[in-house]
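Contents: one structure, followed by commentary.
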Amino acid sequence: MSTNRQAAAVSPWRAPVLFLILAVLFVLEGTVRNGMFSGSWNTSLAILNMGLISAVAALGVNMQWGYAGLFNTGVVGFLAIGGLAPVLVSLPPVEGAWAAGGPRLILSLLVGLGTLALARIVYARTRRAWTVALVLILGFIAYRWLFDPAVTAIEANDSARTGNIGGLGLPVLLSWAVGGAFAAAAAWAVGKVALGLRSDYLAIATLGIGEIIVAVLRNEDWLARGVKNVTSIPRPVPYEIDLQQNPAFVDFAARWGFGTAEASGIWVKLCYLSLFLVVLLGIILLAELALKSPWGRMMRAIRDNETAAEAMGKDVTARHLQVFVLGSAVIGIAGAMMITLDGLMAPNSYNPLRYTFLIWVMVIVGGSGNNWGAVLGAVLIWFLWIKVEVWGPGLIGLLVGPLPDGDIKAHLLDSAAHMRFIAMGLVLLLVLRFAPRGLVPER
Amino acid sequence: MDILNALVAFLNFVFIPAAAYGAQLALGALGVTLIYAILRFSNFAHGDTMAFGTAITILVTWGLQSLGVSLGPLPTALLALPVGIAATALLVLGIDRSVYRFYRAQKAAPIIFVMASVGVMFVMNGLTRLLIGVDEQRFDDGARFLIGVRDFREWTGLSEGLALRSTQALTLVVTVVTCAALFWFLNRTKSGKAMRAYSDNEDLALLSGIDPERVVRLTWIIAAALMTIAGVLYGLDKSFRPFNYFQILLPIFAAAIVGGLGNPIGAIAGGFLVAFSEVAVTYPWVKVAGYLFPGWQPGGLLQLLGTEYKFAVSFVILIVVLLFRPTGLFRGKSV
């Protein structure tokens, strides 16, 4: 932030060279087979795909932090709520689920939201706490009266296979935009409350909303089957098995000298890769255009000196809300892309350390305030996060080699997997202190 | 008789668990609030530091148990607690020196401190995993119950039983002692007064010759003690799982903010408020209602919210306070 900015100019070649090094790492992963790299293009592209999704999420965080100085610790929640979109949009409708309780469910949710809105209006008009409390209690009773039977009916409907409300059967690519909208709505609700107060209140409130969204996904079986997981979410790209049975593709693979199985995997991943690249570059383009506009200059002015910007007549809280919602929408898009890539919605996999704070490490390392920096940081940190799992045990083995055999040595060898957290924490602390502008600093 | 039964059910399932949980939250929130008062940032590493202190205490407890040392009816962990506190204090002092002191000298924005504390949280989390792994550990020993369900029933002749686990009683006793010691220190000793002066007005405190680094060191040592005690009590009462200690961060923050960040009395009140609301909202009241209104057959469990959503309660409390009284019930600080 403004207090830690280094004045030194940075070579214009820095970003291209760093991206080149990154590309070399992925080529090595794809071609060289030794103790450090797998030598498989499938692995290399799989890491790259997830890296690109992380890059989209990192762009969202970068909008909030780099351009407005907002600390969002609920990234995991916005990713998760974005991930809900492919389930609700692209899955085929569940037979009988809508008839079992769909309208009643929608009505109950409307009643719930309506109660909150009504409470707000009543409070604004009367300023009497007990009237508001009465409205809330009555609304809650009405909500539960509508909600509980609807949920029971929906969950009872073929509960072994589905038991949820089902999707709309629309194309999965559409769900990426819907995921962004879901996350934006959640962000608006949080931001409306927590912005404009002390800066760490937003951090604490987003931490809460993150945990709550994940808890909802885990426990509301009618929504996305909870911990029973939703599998076989439709894909925007061909399936490997179809490719392998397609004679034209088999020919094509043979001409390039690949086995059919390997080639089909690579082909699918390249399809995903191009989709992700389109989204990523589109978001970067929009972000860069916005930042070069008067709006972008205003955002930076607010970030660097809120008081001065306020004195110039800028509504700081409203602009913060705006950029917070936009950034969260981008994170939501990333969440939807992640579920589309996995083809699986597993709420238990949403771990805040992995999904919130790792994205933060990516942004800080890459260079907060610079979109290309965020992308670089995301792909690089993701590559390292995956590879450290492979390299860690080897490294620990080397380090504890001189120790005598025994419990301690065995324990240390076993806990190599946990080293990732220490390593990432150290990376964050070191970069924050010694290079607060990151690898590719803001211009 | 039915009213007595209802009262006993309420005490057994709501009051006693909430009181013990509230005491644990209060100790945690006291640590958060102290760090906020002196260092002026919300410490995100709090939960994971609690886990670290508890992990050390558990390891020492196991060591003592294998040596055959025990405290009779009390858990052996109490003997190990000072070691846990000392180790945690050393660690947080080291972290303050290597991480936070730099930003203090720079007078960095509070949010930079918060971010650094997230980095510390990562490291702490990794250290705890390294020490003890991610699995659930139980380390309570000694007497399990002060009052058993069956004894209570035989003794009173009521149909509803009441159990008071020794860990719950211990939590309350230890919390009272700790809070008394803390307030004595803050109000009566020279160092405590220096800390309060520094918290109220940094410049004035510096002018009157208070050594800021000494105040900061004291704060970390006290916070480490509070964190370890809170963590060990929580672990004894429930069980030790490192991830739970990350999750408890939200109720602790809610408690500290409800009471007003930087206000120790507020932190204690906030801890109990959050705990009682959480338990009351997630408890199925059907049993109590059955005693109070014998003729009534409610359709459901009379549970306002599933236990899975207990964190939503702290969140809602947090939101309500932020909306209506951002400085907290007891007027904390604002930056």
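Just so it is clear, glycine is given a Cβ too, placed from its N, Cα and C backbone atoms.
Feature annotations, reproduced from TrEMBL:
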TRANSMEM  A:12-32  transmembrane segment
TRANSMEM  A:44-65  transmembrane segment
TRANSMEM  A:71-93  transmembrane segment
TRANSMEM  A:105-123  transmembrane segment
TRANSMEM  A:129-147  transmembrane segment
TRANSMEM  A:168-189  transmembrane segment
TRANSMEM  A:201-218  transmembrane segment
TRANSMEM  A:270-291  transmembrane segment
TRANSMEM  A:321-345  transmembrane segment
TRANSMEM  A:357-385  transmembrane segment
TRANSMEM  A:417-435  transmembrane segment
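Long-range contacts of the transmembrane segment (A:201-218) within its own chain (CB-CB distance under 8 A, at least 6 residues past either end) are made by residues 70-78, 80-81, 83-84, 186, 189-191, 193-195, 224, 226-227, 324, 345, 347-348, 350, 352, 356.
At the 8 Å Cβ cutoff, the transmembrane segment (A:321-345) and the transmembrane segment (A:12-32) share fewer than 3 close pairs (sequence separation 6 or more) and do not count as touching.
When each of A:44-65, A:129-147, A:168-189 is checked for Cβ pairs under 8 Å to the transmembrane segment (A:270-291), A:44-65 comes out on top. Only sequence-distant pairs (6 or more apart) were considered; of these, fewer than three Cβ pairs between the transmembrane segment (A:357-385) and the transmembrane segment (A:129-147) are under 8 A, so the stretches are not in contact.
Remote same-chain residues near the transmembrane segment (A:71-93) are listed as 57, 60-61, 64-65, 165-172, 174-176, 178-183, 186-187, 190, 199-200, 202-214, 217, 223-224, 230, 233-234, 324, 327-328, 331-336, 338-340, 345, 347, 350-352, 354-357, 359-360 (criterion: CB distance under 8 Å, separation of at least six residues from the stretch ends). Same-chain residues lying 6 or more positions outside the transmembrane segment (A:168-189) and placing a CB less than 8 Å from one of its CB atoms are 77-78, 81-86, 88-93, 209, 213, 233-236, 275, 279, 321, 324-333, 335-337, 340.
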